[in-house]
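> Attaching a single structure in structure tokens format; questions to follow.
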Amino acid sequence: MAAFERNPSRWKGTRFRRGLGASRIAAQAILSLTEKQSQGRWPSFPLGLKSKGTFRSASSYLLHQLIHRSHEAEAEQEEKQQEDGESEESEESEMQNLEDKYDGILREETVAEAITGLGWSGRGTEQVYLNLNLSHCELVDISILCGYVHLQKLNLSGNRIEDLSCVSCMPYLLELNASQNKLTTFFNFKPPQNLKKVDFSSNLISEMYDLSAYHTLTQLILDNNEIEEITGLENCISLTHLSLAGNKITTIKGLGTLPIKVLSLSNNMIETITGLEELKALQNLDLSHNQISSLQGLENHDLLEVINLEDNKIKELSEIEYIENLPILRVLNLLRNPIQTKPEYWFFVIYMLLRLTELDQQKIKVEEKVFAVNKYDPPPEVVAVQDHMTHVVNSMSQPQRIWDSTLPSLDAPYPMLILTGPAACGKRELAHRLCRQFSTYFRYGACHTTRPPYFGEGDRVDYHFISQEVFDEMLNMGKFILTFNYGNHNYGLNRDTIEGIARDGLASCIHMELEGVRSLKYSYFEPRYILVVPMDKEKYEGYLRRKGLFSRAEIEIAVSRVDLYVKVNQKYPGYFDAVINADDMDIAYQKLSELIREYLGLTETAAKTLAPTADTKTSYLKCEDYSRKSSTVEFLDSTDRNYFTKLWAKLSSKKSPVERESLHRQHEAARQALMGKTPRDHTLLFQRGPVPIPTVSGQQYFATIDELQKTFELSDDLFKTPSGTYPETSKDSNISKRYSTYFHTCPWSKELPFQLPEGGISSRPGSAGSDEVDGALKALRVASSMQEKVAQHKRLSAITIMDPGSNTKPTLPPIPHGRR
């Protein structure tokens, strides 16, 4: 190593010389050997001297030997290369000879290597091999398999076989795979007794033959052949899986009533879906890559779970209706169809087929199903919410002002009475009679509708009959409080109708269907809802037929909706404030008028019950005795409790300094209004028509004696019953009864953050004629105090017997005190 490190060039030269060839290496070895021999032959001279002649002869001899050895090495190398070429040629010739000798005939050695599955024979008497796999062996002749009678599974796929007659010798064969061969016919062998699965795909079969002898066949695969017609399967009574993909079939027929569960007919030339009517067990259907343009023919397959219609010509969304009623359809593939270009395709298909879990090879999310339902068939609650949102947004286009239906009291929303029930159940007649009897309190509010008037109906009396164009224009302008659709006709409650009634100081009495009630419940109005429903559906149906205004379909819908109203009343207690049986209109109006009288405080005692009389059927509406006895009391008293709860929640919540300052200004404005002071100039911008102001704690001012006298005269008219005025008992009690409505005490007035001026009812300061009404004022003051004591006693007694949580029912505020 040291020598190489000192002289690296010498080391490199040595490596180079060693790599030159075998001849030069041999020459170097001979040269070293010659040197040693010469040293032993000639004695060494002293001082290292040699004779010149001897040196020359030795050099020539070495050169001669080197050249000779070099020629010998080159000759040996040429001989070796020649031998290698000859060996390669011999190997190629041997391989060619072997190929020439292999003729595709199956031999014992090959079978021995491919046979597996040691088990018992069909008779169970001996152990044999049951499975043989000879796939992709380039076999042509398999006649040797005639001796393998115990085989149960035979795989011959990927060969060049043209004849399967040897299968006739396999009586116990269960499965046969002869795909990817050169068969031109199928089943040209004696049928094994229990043959179940056969695969003849990717052959040259062009025609199907009678397979009546193969009654045990359960699976038949004939893909990628040249079959044009399905025949010979009528008696395969056990066939459950049939695949004929990749053929030339144009019409589906010949399947009869087979128990097929899986059917594949993809990559054919089918244009219409026919011949599947009797396949009642069909579960999986593959008709992809055909020319189908309609889904007609897939109806009435109750067990169908998977449908593959990829790459066809389905265009219209209406085609989905043919598979809409398939109860357990889970997977549908409509990829590469013109129907996919429809903008509503995805959600429409999901809505029509809500049971789907996979569409076009994509999992369907729950959110997509909810969106689809809300888009195409939303629940009634969603419709009501959308309707309310539409009107709120559209109303922003109208000039913003304080509505006439906005009462000055924080705890008294505008009073409304809603009668609801099925079509032509009598709610409109009840509303008209009620408004005629209590004309100083109620006015009928007519809705707008796009339907034509029935016989006997008057425009602006029963409805405002308008065209669809006018209705849409009013809707876009935000003039409706609510709208709903019933019987393919639109109905709407116009805000101007309510404001016109409120401007005259009256409460609104309106009738509508349940859809309108749902929408109205989302608005800021809080009316009283009274359900008018016929209990005897047969009598109700006969009444509709006698009217002669409705078709048979409309009558059936109206009668069926009776159960809907009853179901809502039972499922949502408190949804309606009262229920009235509409089988007899006279009895129904008697109950309704009693209810309104108690509500207005026009009778001495409250009605004991709102339940129908003993001769009226009440099987649809069942309630407990306690609820029947207390229904009137709750109907009358729960208003104050409900609104006091709402008001107290608002007043007791923690408020910011800005909110407290705003409330202070509101209370100050209310106090000044009650004291009769003129508001500031800027408040005149929000003036409106005269609206009755409910009396609070019996406080009311009169400017002159004429106003007080007019009030007395008006009260005489208000409290007259149809049969006359109430009997007089005493002066104080008479005054108390006649003016109890005017001096109705607000139960939470003492808890409000402002105090009303003392003195009860008195003439306005500075007004003339105050001495003339002292007697009347004293009497009214006595009546007011008595009324307050009685009301306080009733409240205390009601609180003592009240169940916990019963004060949270949504009810309406007191109705205002008549026309001013």
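Placement of Cβ uses the backbone N, Cα and C atoms for every residue, glycine included.
Under the heading compositional bias 'Basic and acidic residues', Swiss-Prot lists 72-83. Residues or ranges marked as compositional bias 'Acidic residues' by Swiss-Prot: 84-94. Under the heading compositional bias 'Pro residues', Swiss-Prot lists 811-820. The annotation domain 'Guanylate kinase-like' is assigned in Swiss-Prot to 414-597. Feature annotation from Swiss-Prot assigns repeat 'LRR 1' to 129-149. Under the heading repeat 'LRR 2', Swiss-Prot lists 150-171. Taken from Swiss-Prot, the feature repeat 'LRR 3' covers 172-193. Positions annotated as repeat 'LRR 6' by Swiss-Prot: 238-259. Summarising the annotation, Swiss-Prot assigns repeat 'LRR 7' to 260-280. Residues or ranges marked as repeat 'LRR 8' in Swiss-Prot: 281-302. Taken from Swiss-Prot, the feature repeat 'LRR 9' covers 303-324.
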> For the repeat 'LRR 8' (281-302), give me same-chain residues lying six or more residues beyond its boundaries with a C-beta closer than 8 angstroms to one of its C-beta atoms, as numbers and ranges.
240, 245, 259-274, 308-315, 319-320, 322-323, 325-328, 333
> Could you give the residue numbers and ranges of same-chain residues that sit at least 6 residues beyond the repeat 'LRR 1' (129-149) on either side and whose C-beta is under 8 angstroms from one of its C-beta atoms?
103-108, 110-111, 114-119, 155-162, 164-167, 169-172, 177
> Other than its close neighbours in sequence, what residues sit by the repeat 'LRR 6' (238-259), given a CB gap under 8 Å and a spacing of at least six beyond its ends?
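For the repeat 'LRR 6' (238-259), the far contacts come to 196, 201, 215-232, 265-276, 278-281, 286.
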> With a Cβ cut-off under 8 Å, give me the same-chain residues at least six positions beyond the ends of the repeat 'LRR 9' (303-324) that come close to it.
261, 266, 280-297, 330-339, 342, 344-345, 348-349, 352-353
> Counting each residue once, how many in the repeat 'LRR 3' (172-193) are helix, strand and coil under DSSP?
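The repeat 'LRR 3' (172-193) comes out at 0 helix, 3 strand, 19 coil.
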> In the repeat 'LRR 7' (260-280), how many residues does DSSP call helix, how many strand, and how many coil?
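The counts are 0 helix, 3 strand, 18 coil.
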> DSSP on the repeat 'LRR 8' (281-302): how many residues come out helix, how many strand, how many coil?
0 helix, 3 strand, 19 coil
> How does the repeat 'LRR 6' (238-259) divide up by DSSP, counting helix, then strand, then coil residues?
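Its residues fall into 0 helix, 3 strand, 19 coil.
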